[in-house]
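Student: Input: one structure, supplied below.
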């Protein structure tokens, strides 16, 4: 649909895919006019008859589906390089000769200064974004989702729902669920349940006001003065549990614990939270963000309490190096030093008349592990940590029976069976089942290589790669075959070697019935099915008999 009108190669690269939205028909004309084999979300929805749109971006050449535009764009560059018929003008490649002939007609009628032209009306634009916006006027009738009440059509169902709420609200008889408190009606039962939480909060607020008694004019209600001099009053009390708060928004957020309301939802995995700070902290798992760095060793943490707990390890090690007295491991001593940074809101605890204020006491002591000295703020975190020392693994997988010491590890492992990959890379669209895998993958996009070998100076993006490389200098081979006693420096080499004893051949050729124990043998074998020069560089025309050689060659063109 987007054709760059020029005689010579396009400046951005002839094989560069151009992104475009809009449905089309399965004809040779429209198939080749779409940008570089990229199919839109609307096209997939219209042709699949309402199938799920999770992987609706489809390549027009190989029919593979992808979760996002970026992943499809990266795939299309490699997929198009395999097509056998290149355009002599711009280098774009096609699978069939009629498509190439149709494409060449565009160059025959083009002029160098017309830019991006609409193939329907001939109007030219300086940029492809302006052309995309213009094409929506032509493709209005192709939008797959139609409003049943008017003539408007939409690409996505959420656009239709927003339009229906704004322009076509349901009639009173179509809203059978009526609130008994205020008389407001709703079309769905879950909408009524969500609305009733407002009245529950109002009832709790009235009960709290009655429990606190009448307020003096001109000042908020306060409790009896507590010993401690500068203790701050907490006038807002929860009617259900009696917990007090200094500010009313904290009380409103606390009420959600009793009502069960969780209005803040994670857009990545759908998990819901009562407070927005909890959601912000949770989303760092998906993004891999660790905003709290340690000033001593550079290690980064997602949460500030974890950084404070980690910094105590450096303080203990400094005291040990200076010969200072160390507290016993079983009973840690409270230090009178103030916290590194004053918290904006101290811990909310029930305070009654005559009871000492928690703010006047020393900061809460950490629960310290007797084996390694690591401190934890909560006892349940300490118990989970101590399972690592004892070897206890109480959480078992229901699918394969594998045991884990932490429930979070079991949840992450269960994604192996379910196939769920909630962590997506923003650069290439690749998805991962664990946040740590995404964080390690992000280093592939970063140009820096922070892990340097002290022996030869070679740099690596990942620390395990450096550890495996250093075994070349040390000669260490820790992985021993139990069958023949042969040792290897890397575990992957041992796994590959053991297939000689087991006879396993997991790599099967898709073109014939042969299978191989090594992936390299399969790659070498597949060359016999591929004719010479099957992989052609779309920029300079050089041909290769292996896709890996083509990709390595394209790096010279900065593709």
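Each Cβ is built from the backbone N, Cα and C atoms, and glycine gets one as well.
Copying in the features that Swiss-Prot gives for the protein in this structure:
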- 1-47: region 'Disordered' (REGION)
- 27: phosphoserine (MOD_RES)
- 30: phosphothreonine (MOD_RES)
- 33: N6-acetyllysine (MOD_RES)
- 57-81: zinc finger (ZN_FING)
- 85-107: zinc finger (ZN_FING)
- 116-138: zinc finger (ZN_FING)
- 145-168: zinc finger (ZN_FING)
- 177-199: zinc finger (ZN_FING)
- 236-258: zinc finger (ZN_FING)
- 264-286: zinc finger (ZN_FING)
- 276: N6-acetyllysine (MOD_RES)
- 313-364: region 'Disordered' (REGION)
- 337-347: compositional bias 'Pro residues' (COMPBIAS)
- 367-389: zinc finger (ZN_FING)
- 395-417: zinc finger (ZN_FING)
- 423-445: zinc finger (ZN_FING)
- 451-473: zinc finger (ZN_FING)
- 507-529: zinc finger (ZN_FING)
Student: Tell me, what is the mean pLDDT of the zinc finger (57-81)?
Tutor: 74
Student: Could you name the stretch, out of 57-81, 145-168, 395-417, 423-445, with the greatest number of CB pairs under 8 A to the zinc finger (451-473)?
Tutor: 423-445
Student: Excluding near sequence neighbours, so keeping only residues 6 or more apart in the same chain, what lies with its CB under 8 A of residue 276 (N6-acetyllysine)?
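Tutor: Within the chain, residue 276 (N6-acetyllysine) has Cβ neighbours under 8 Å at 264.
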Student: Going through 57-81, 145-168, 367-389, 395-417 one by one, which has the most CB pairs that fall under 8 Å from the zinc finger (423-445)?
Tutor: 57-81
Student: Could you put numbers on the helix, strand and coil content of the zinc finger (367-389), residue by residue per DSSP?
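Tutor: Tallying H, G and I as helix, E and B as strand, the rest coil: 11 helix, 4 strand, 8 coil.
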Student: For the zinc finger (236-258), DSSP counts of helix, strand and coil?
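Tutor: Secondary-structure composition of the zinc finger (236-258): 11 helix, 4 strand, 8 coil.
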Student: Could you give me three numbers for the zinc finger (507-529), the DSSP helix, strand and coil residue counts?
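Tutor: DSSP composition of the zinc finger (507-529): 8 helix, 4 strand, 11 coil.
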